[in-house]
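Let me begin by presenting the structure, written as structure tokens, before commenting on it.
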Amino acid sequence: MTRYVSSCFITLVVLFLWRVEDIADACVCFPQHPQQAFCNAEVVIRAKVVGKEAVPNAIKYDIQQIKMFKGCDQVIHAIYTYTTSCSVTLEINKEYLFTGKLETDGTMHVTLCDFIESWEAMSATQKKSLTQRYESGCKCKVCVGVFDGNYRNITVHQFCSIFTQHIFLKRLLWSHWQTLENWGNDQSVILVFLSFCSDPQIIRCTSIPCTISAPEECLWTDWVMEKSHSGPQAQHFACINRSDGSCAWYRGIAPPKKEFLDIEDP
């Protein structure tokens, strides 16, 4: 290898590694139906943004809490978003629905991967479901991944690549994370995934054909039908638990009738 070729090779390697690091720092989020976001969140509130302040490693948004749909009894006066690629930009004097994480010190933190929507842009069904539909649907069984009895050989079936899985793990742990060679055996990682086994089993359909594999699942077809994650099912449907233990989509604001048993997916 000549000196010129060697120099070019080294340059290409440096550029490649720089690009990989740049991609790894990008914000990669797993699409969630609003109901999944509600069930996964520690705190869900409606609030008006009234101020903004830069603090160490984060942006602090002062808020006026209007209503708490899920979380602790305390009133939240500020929301924090870390100054990373996943940070959130909010408008002053605008009302939002926030889903996020409650830290041990009582502060609420949000990222782009949380469901944050302008209150004005939300449908009537979504607003009503915050108090009547979504929570009842959280009783439906869900797991992001499939685990065997030894908690090994994890298959995260809804991710398109190992790279995406790794980024997802990095976001969840919010701290030091394991290499791809050993993350499947790390108990802290497993516990993080197991913590996501409480929201409705809403399976995102990415191509046709797609089907459910268990009666407690709801098939989410917005992406394949509308090329959007804010389609009719996200706007107007909730996945609710039925008397026989199965789950099904329910549309509308009115409470489902007692004999609601044989609803079909849209």
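For all residues, glycine too, the Cβ spot is worked out from N, Cα and C.
Of the cysteines listed (CYS86, CYS113, CYS138), TrEMBL assigns CYS113 as the disulfide partner of CYS29. Noted from TrEMBL: CYS27 is disulfide-bonded to CYS86, selected from CYS86, CYS138, CYS140, CYS143.
Per TrEMBL, the cysteine from CYS197, CYS205, CYS239 that shares a disulfide bond with CYS218 is CYS239. Matching TrEMBL disulfide entries to the candidates CYS8, CYS72, CYS138 identifies the partner of CYS39 as CYS138. Cα-Cα distance from CYS205 (disulfide bond) to CYS218 (disulfide bond): 10 Å (rounded to the nearest whole number).
Put plainly, the recorded positions CYS27, CYS218, CYS239 were compared by Cβ crowding within 10 Å, and the winner is CYS239. For the disulfide-bonded residues CYS39, CYS86, CYS138, CYS205, CYS210, the greatest number of Cβ atoms within 10 Å around a candidate Cβ is found at CYS39. The disulfide-bonded residues under consideration are CYS29, CYS113, CYS247. Their Cβ neighbour counts within 10 Å are lowest for CYS29.
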